[in-house]
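Reproduced below are the annotations present in TrEMBL:
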DOMAIN    2-79  domain 'GST N-terminal'
DOMAIN    81-203  domain 'GST C-terminal'
């Protein structure tokens, strides 16, 4: 079987959903990790100046969601119809909306602005999204779409470390159905093994 090469920072972040999907599918891949201090030297030659990059048979592609969607088809974690794919894509986009809002707050360098954003994030943004995700997980019996394992579950759980880093805490501790989503994914044998042996990182 031909192998893939994933290039991303030595972090979980947007690379981890891709790693989870390839691990789940038993796909061979080279996990090329770049240290943050080396990125300025590498960035000018990177596709669109962004990571992650997936390489296969001499071809390169960037954009994490597009890569995940491609891999999901390979490992049968996509939808069975166009509408099912739409449901999955919508959830993943909502997860990313939350990620953008949290990152916008966390990486703000003006402390006064950050302090104001923190109130909004913890009093409004997190409850708004997490309550809706929780209801969806309840309706879908421990999944985020279609009442079965899809790449939306994989994506959410793989990126949770980063979301929790941005909020400096476990964002789903009070959401039992989201914890079911997490446990369902982390108890998949191949993913469980991956998590146990992967590098221990801040996020």
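Every residue gets a Cβ built from N, Cα and C, even glycine.
Those TrEMBL annotations? Automatic predictions, nothing curated.
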Using DSSP, what is the helix/strand/coil residue split across the domain 'GST N-terminal' (2-79)?
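Final tally across the stretch: 36 helix, 20 strand, 22 coil.
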May I have the DSSP-based helix, strand and coil counts for the residues of the domain 'GST C-terminal' (81-203)?
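DSSP classes over the domain 'GST C-terminal' (81-203) add up to 91 helix, 0 strand, 32 coil.
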